[in-house]
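Visitor: From Swiss-Prot, for reference:
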BINDING   Thr231, Ala232, Glu233, Glu285, Ser384  L-serine binding site
BINDING   Arg262, Ser263, Glu264, Glu349, Ile350, Ser351, Ser352  ATP binding site
Amino acid sequence: MIDPKLLRNNIEVVNAGLAKRGVQLDVQEWASLETRRKDLQSKTEKLQAERNAGAKQVGQIKKSGGDASEIMARMQAIGDEIKAAEVALSELQNEIEQKALSIPNLPDESVPAGKDENDNVEISKWGTPRQFDFEIKDHTDLGEWMGGLEFETATKLTGSRFSVLKGPLARLQRALTQFMLDTHTLKNGYTEAYVPYLVNADSLRGTGQLPKFEEDLFKLQGEKEYYLIPTAEVPVTNFVRDEIIDADRLPLKYAAHTPCFRSEAGSYGRDTRGLIRQHQFDKVEMVQIVKPETSMQALEELTAHAEGILQALGLPYRKILLCGGDMGFGATKTYDLEVWVPSQNTYREISSCSNMGDFQARRMKARYRMDQKKTELVHTLNGSGLAVGRTLLAVMENYQREDGSIEIPEVLRPYMGGATFID
């Protein structure tokens, strides 16, 4: 959530930042809300002051043996007015907060303005796409030929945009997951976390999925208001909700492997074939909780950790700086990593690494203790390290052989019992 002080006192500054996203707030509407809030606040304070003065007056009159009934009746009326004013003020503040919760984060000054992915900026490329001397297959054909990737079975079990993996492909996906977690925990300094796959609404509000993006979530029916997680970012980042962390504990760095569940609302007709866009997919997520002055450096580090996985697997990719209009709701700066997909002759997103600044921390009331008296909001970051299903398809396509078998990247062979290929 954006700092309420900015919304109250510098709405033009907010609009100047949001312009990079192509978003503008109604200045007059916010000015009107602030005027009403100030008027109600002032009215409440004046009534409270009048009540306090009256209480003293009643005490003095009673002390002198006089009749204070008239003033006491007035105090009763003032009390009723105060209650009404407080209710009105609370309702207005709630209205303002709900509106504020739907405002996206302000882009960092280094983020380019732009409307969509066409305005993103390519930062770098790594690796050279392989030149095949035979007709290649996409991962769907490869998987079905091997008998290890079944979409029809998944459709029978559940519906569209689900998949079933069997045999060597299921083991290869597990190998990828283990390799990612081992790299992040043993080499990159993250603490592994196992988390619930169901979260409550407070957790989703904390990280910004609610209230604006409820249609993208799967919600359980029943007495409890539980949602399936869209990413491990939600439960892991909420570790620090309503917490005050000692400064010497920062940074906190977590890595978690979970399934992710997304309704893919608005994506009808897009990527209907294969593993690119699924309702359920696995991901290894990195989360960092840091001091504000280190968050931009932490973003570079976290992104490099995701890049390290791709480099170790020998998968060509490019690094993209997202423009304001293509960034996620809560991000102040985002890098996307896009892996080379031979069958599509293009790069596709495999990781998104974001600095959220204090946007989530303000919603979560997550702070750190600077000294005995002063606390400050932490900054939060998250990134895919990596999306496992998309990494699997990238390995399948980039390492395919003419006979339909798939070479196993060297770093994965210890997780595959020493095997060098699968067929």
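For all residues, glycine too, the Cβ spot is worked out from N, Cα and C.
Have a look at these and tell me how they're positioned relative to everything else.
Guide: Around the Cβ of Ser384 (L-serine binding site), 27 further Cβ atoms fall within 10 Å across all displayed protein chains.
Taken residue by residue with DSSP, Arg262 (ATP binding site) is part of neither helix nor strand, so it is coil. Counting only same-chain residues at least 6 apart in sequence, those with a Cβ under 8 Å from the Cβ of Arg262 (ATP binding site) are Asp216, Leu217, Phe218, Pro230, His279.
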Visitor: Nearest by CA distance to Glu233 (L-serine binding site): which of the binding-site residues is it, out of Ser263, Glu264, Glu349, Ile350, Ser352?
Guide: Ser352
Visitor: Excluding Thr231, Ala232, Glu233, Glu285, Ser384 themselves, which residues in that chain have a Cβ inside 8 Å of the centre of the Cβ atoms defining the L-serine site?
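Guide: These residues sit around the L-serine site: Val234, Val236, Ala256, Thr258, Cys260, Lys283, Val284, Met286, Val287, Asn382, Gly383.
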Visitor: Taking each of Thr231, Ala232, Glu285, Ser384 in turn, which of these binding-site residues have a Cα lying within 10 angstroms of the Cα of Ile350 (ATP binding site)?
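Guide: Taking Thr231, Ala232, Glu285, Ser384 one by one, the ones whose Cα falls within 10 Å of Ile350 (ATP binding site) are Ser384.
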Visitor: Counting across all protein chains present, how many other Cβ atoms fall within 10 Å of the Cβ of Glu233 (L-serine binding site)?
Guide: 29
